[in-house]
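Visitor: The structure follows.
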């Protein structure tokens with residue numbers, strides 16, 4: 001039968017004579033219990049015939065810390081103020097704790113009384129470890145600008161535990177580049193770098209439990225850097241690209257940047273309506289010669305960069321020649337007699353059907369840029385500023401020799417001929 005301790009009983013217990021020669025030790029089993037485990041505080045070194053035990057959960061023999069008193073002869077156990085409802089004293093003096101909680105962590109004292117009314121005291125310590133919940137990685141921001149912003153990561157966990165950090169799944173070296181707080185729960189990087197973009201996790205652990213957070217993904221904005229213009233299958237010397245007449249050319253703008261930059265193209269200093277990373281020239285002519293500039297802009301870093309190339313007709317294309325497009329037109333089609341390498345200082349030109357004589361003149365272009373029809377004009381011919389001639393809706397009688405005559409501002413005259421073939425419809 002459990003009897004409450006009277007004031008007189010407590011007086012007797014406090015008046016016991018201490019036996020200083022005793023060596024009582026207390027060890028928990030299991031040695032590293034997890035919350036919820038059943039734990040026994042096993043007593044070693046008891047000697048002689050004992051009358052009673054007092055268990056304390058605290059640093060001193062104070063009534064406040066008394067868990068229970070136990071009378072050996074009767075088996076009576078009396079709970080004390082520190083009893084949680086989970087403790088029970090064994091006849092051998094050991095203390096059972098059912099479903100131990102982290103709050104049971106601390107110093108335990110066993111006080112014994114023998115028949116000579118001498119007391120012995122033993123001390124022990126027990127650490128009850130929590131089953132850890134997953135922590136959370138928190139950041140001051142998950143999208144930062146390189147070399148401008150500061151990164152702060154915090155591993156948030158309600159439980160005291162050791163902390164490890166992981167970057168892209170691998171253990172993060174101890175503060176090689178990132179400053180770590182003394183408790184390991186905060187990482188700080190002033191002037192964050194692009195190499196530090198990726199997935200961060202933290203892991204909390206104790207001897208009985210390990211738990212890792214979900215990844216937190218960090219983006220670091222940078223650039224644009226190393227802006228360059230690339231091209232496919234053309235001859236390039238330094239910043240000059242040479243292209244054959246009537247050939248196509250694609251210019252690509254590349255840059256190192258996060259996020260991908262916005263692109264603006266300019267031709268001879270004038271902006272083009274093209275927001276793509278590439279620029280196409282479908283058919284190279286003298287009108288396409290000039291300086292092409294790509295400007296890359298990063299909306300996050302507010303930085304920009306540019307690159308330029310000079311595009312020219314190749315040397316082989318400079319000599320004036322006439323190329324029909326298409327090269328083998330059929331009856332009913334339109335054909336353009338495209339002029340390659342026409343004079344840059346052109347004053348006037350004239351097209352003839354056959355030899356360059358007035359009756360054969362199809363049309364002429366005046367210095368004003370307008371063209372006028374000649375005696376041989378059929379109403380299907382159109383002239384262009386680059387000296388090209390369009391003949392619409394071909395018939396078989398359009399086949400034959402065509403002559404182009406040009407006059408420059410310096411008075412230089414050139415004559416060039418081409419033979420046009422028209423295939424009949426099948």
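The backbone N, Cα and C atoms fix where each Cβ goes, and this holds for glycine too.
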Visitor: Candidates are 217, 395; I want to know which one Swiss-Prot annotates as N-linked glycosylation site.
Guide: 217
Visitor: Quick one: which of 38, 280 has N-linked glycosylation site in Swiss-Prot?
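Guide: So the answer, going by Swiss-Prot, is 38.
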Visitor: If Swiss-Prot is the reference, give me the range from 57-76, 77-96, 97-116 marked as region 'Disordered'.
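Guide: Based on what Swiss-Prot states, region 'Disordered' spans 77-96.
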Visitor: Which one is closest to residue 294 (disulfide bond) in space, judged by CA to CA distance, out of the recorded positions 155, 202, 217?
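Guide: With Cα distances computed to residue 294 (disulfide bond), the winner among 155, 202, 217 is 217.
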Visitor: What count of other C-beta atoms do you get within 10 angstroms of the C-beta of residue 253 (disulfide bond), across all chains shown?
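Guide: For residue 253 (disulfide bond), the count of other Cβ atoms within 10 Å is 25.
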Visitor: Around residue 294 (disulfide bond), how many other C-beta atoms are within 10 angstroms of its C-beta?
Guide: 26
Visitor: Can you give me the Cα-Cα distance between residue 253 (disulfide bond) and residue 217 (N-linked glycosylation site) in Å, rounded to a whole number?
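Guide: Distance (Cα to Cα, whole Å): 29 Å.
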Visitor: Relative to the Cβ position of residue 217 (N-linked glycosylation site), how many further Cβ atoms are located within 10 Å?
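Guide: That number is 12.
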Visitor: Calculate the distance in Å between the alpha carbons (Cα) of residue 217 (N-linked glycosylation site) and residue 38 (N-linked glycosylation site), and round it to a whole number.
Guide: 41
Visitor: Measuring Cα to Cα, tell me the gap between residue 155 (disulfide bond) and residue 38 (N-linked glycosylation site) in whole angstrom.
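Guide: Residue 155 (disulfide bond) to residue 38 (N-linked glycosylation site), Cα-Cα distance: 31 Å.
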